[in-house]
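Below is one structure; the comments refer to it alone.
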Amino acid sequence: MNERTVTLNTGAKMPIIGLGTFLSEPQKVYEAVKKALKVGYKHIDCAYYYKNEKEVGKGLQECFKEGIKREDIFITSKLWNAFHRSELVAKGLEKTLEDLQLDYVDLYLIHWPFSQKPGSEKFGENLEEVPILDTWKEMEKLYKSGKAKAIGVSNFNINLLKDFIEKAEIKPAVNQVELHPYLPQQKLVDFCHANNIQVTAYCPLGRASNPKDLDDPIINEIAKKNNMTPAQVALSWNVQRNVIVIPKSVTPSRIEENFQIKELNKEDIDKINSITIRSRGVDHLKHLNLFPDYADL
């Protein structure tokens with residue numbers, strides 16, 4: 001299962017398991033990237049906002065020197081909110097490419113569906129209105145230039161996606177959102193797949209605070225039965241609904257464990273789908289009073 005890919009609307013293949021790098025300390029993420037690529041990961045997910053792309057880049061370059069080919073690795077990054085103005089979008093990607101020491105990224109996402117004034121580094125400060133479709137037009141130019149082999153969005157709900165599908169020249173290839181057994185968002189996943197938009201799950205292991213998906217009795221029962229860890233069960237469940245997962249870890253054993261997932265039978269999948277607890281870990285849009293219809297619980 002760890003070799004599975006999904007096909008983007010560009011025709012490109014995207015590995016279904018990747019390494020997430022959010023909140024990974026710079027030195028640790030450097031080692032994590034090297035470990036992941038040696039274990040067999042072919043997909044690294046990063047972002048300007050994570051403040052560690054230079055170290056991700058160092059890890060990548062070291063692996064390339066050791067024989068791993070750039071064309072075999074899928075790199076995702078994201079446009080930060082302070083680069084949404086038309087004249088700044090390309091600069092956002094240029095900074096990322098410089099830090100990663102790359103000529104292109106395989107996928108470039110609009111990180112959030114709202115804008116902040118240039119120079120804003122803290123989430124949610126100095127909000128400003130920039131039409132998101134104007135930002136997208138500049139993303140389309142990056143795709144046409146070859147510096148972004150595919151373009152997509154993150155944290156978009158169905159209404160926002162409908163607007164893009166109706167009005168954009170190039171449709172998003174991917175929508176990256178929070179997805180785990182306590183936040184399955186099946187309606188959103190189904191909508192994306194029906195419109196040839198692949199879905200990436202961030203926080204695929206759920207919240208670090210209560211209620212915890214990985215403490216759920218059903219998840220643990222299935223893990224014990226299949227000789228798996230609860231984390232492997234949560235990842236397998238998402239992968240089996242054709243959702244890309246990017247579990248974050250800097251611990252070598254966990255990086256390896258998260259890559260070694262197994263197929264669950266239909267009974268196990270149905271049991272996970274029967275879980276009724278709902279919990280969103282990343283609730284930023286709600287707190288900012290943006291998009292009152294955002295949640296799809």
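Cβ atoms here come from the backbone N, Cα and C positions, even for glycine.
Marked as active site, proton donor by TrEMBL: Y50. Listed in sequence order, the residues of the same chain lying 6 or more apart from Y50 (active site, proton donor) and placing their CB within less than 8 Å of its CB are T21, F22, L23, S24. Under the DSSP three-state reduction, Y50 (active site, proton donor) is assigned to helix.
Remark: H111 (substrate binding site) has A47, Y48, Y49, K78, L79, W80, N81, S154, N155 as non-local neighbours, by Cβ distance under 8 Å and separation of at least 6 in sequence. Per TrEMBL, substrate binding site is recorded for H111.
Mean model confidence for the domain 'NADP-dependent oxidoreductase' (19-275) is a pLDDT of 97. Residues or ranges marked as domain 'NADP-dependent oxidoreductase' by TrEMBL: 19-275.
Residues annotated as site 'Lowers pKa of active site Tyr' in TrEMBL: K78. In the three-state DSSP scheme, K78 (site 'Lowers pKa of active site Tyr') is classed as strand.
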Secondary-structure category, per DSSP, in which H111 (substrate binding site) falls:
coil
